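Annotation source TrEMBL lists region 'Disordered' at 412-433. Look at TrEMBL and you will find 30-49, 61-82, 137-158, 221-241, 263-281, 293-312, 318-340, 352-374, 380-403 tagged as transmembrane segment.
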């Protein structure tokens, strides 16, 4: 736990520093390095936060994962609204020809479609002159908004007596909480001694414990198959999120839909808005419904939505309806899949790392793939690719269910002795196994 919190502190602080530095980068290589640091930090936060929620709350983790990913969607929806007032509708470089360049910008925007982005040389945009832009303020505001996060993580480290230089009289925040007893078997008699409770907090597994080779000795092929098929489902579904939000605007402004550019600009916002709404709805739903059932509904819903989008491909109204529907069905796929896979694998935390990595790779690779296909084959291939990815996601989910049924269940004796079994309370309110 201490390693995870220190990693979260360093990563969240790095993000604030990166956002503060970005406006000061006047070289593309420096900017690329800074953005790479931001990507590493965000990857650490994504992996560790999911993994720790799974290990701490175990069978109850589905609700907390839905809440976590609701805030992910909420942040994705909120940050463009913060940046929007600082974006310029004209060229940001002042020169003698600025007035002419500014009047050309609407024509340039209409020409920026996937098939014909090249021949814009007759529009003379000034490249030299005084730079006038307020977009730097958006980055600095985001850096300040993020700053309370590392402060809060450091405060938690301090209260839990995990900061080496500050081991004074501070009382632990979770002295008798389930969190302190979660990671190793503790006898009831041991818990009855107050002086021994703080030591229980030090019994957390190593952050990279799941990656040690001894954990894979004697593992059945279904153990690895569950990891792989779960990661492939998220590879497809998170890839759909990335490619749909990235290319739905380009698809809408081209024929046969030819949506007005300003109206088409609402589609990505609508998509992320319904993802956020879906994750909010999923918090109480996950309390009543099993994660496996939620994932099944999600992948089937994605498949049906893409099928209807293909059938009504000439309808602008249904494009908006389908975008909203797709956002709802994709919203809870990631947290539900994490909860389902970890439930199969007894909440070790390994599956979370594999699944988060698979989802990130899918979001990167499928955007690149779909962008290339749209450029070569036309805008209609955008929906065809989505349909193919939806079919693959459903297929991999079917394989996951098959391997789940074949996966050996732990015996009750081993389950009672397992350090990963959730703590329960007795009549005195003390935690026991």
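Any Cβ shown, glycine's included, is placed from N, Cα and C.
In TrEMBL, annotation is done automatically, which means it is predicted and not curated.
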Recorded stretch, among 30-49, 61-82, 293-312, 318-340, maximising Cβ pairs under 8 Å relative to the transmembrane segment (380-403): 293-312
Outside the transmembrane segment (61-82), six or more residues from its ends: residues with CB under 8 Å to it: 49-50, 53-54, 138, 141-142, 145, 269, 272-273, 275-276, 279-280, 282-283, 286-287, 291, 331-332, 334-336, 338-339, 342, 347
Long-range Cβ neighbours of the transmembrane segment (30-49) (under 8 Å; 6 or more residues past either end): 4, 7-8, 10-12, 14-15, 18-19, 21-22, 68, 207, 352-353, 356-357, 360
Intrachain residues whose Cβ lies under 8 Å of the transmembrane segment (352-374), provided they are six or more past its termini: 43, 46-47, 50-51, 54, 114, 210-211, 227, 230-232, 234-243, 246-247, 250-251, 334, 337-338, 341-342, 381-382, 385, 389
Considering the transmembrane segment (318-340), which listed stretch of 137-158, 221-241, 263-281, 293-312 counts the most C-beta pairs under 8 Å: 263-281
Tertiary contacts of the transmembrane segment (263-281), as residues 6+ beyond its ends and Cβ separation under 8 Å: 66, 69-70, 72-74, 76-77, 80, 241, 244-245, 248-249, 252-253, 319-320, 323-332, 335
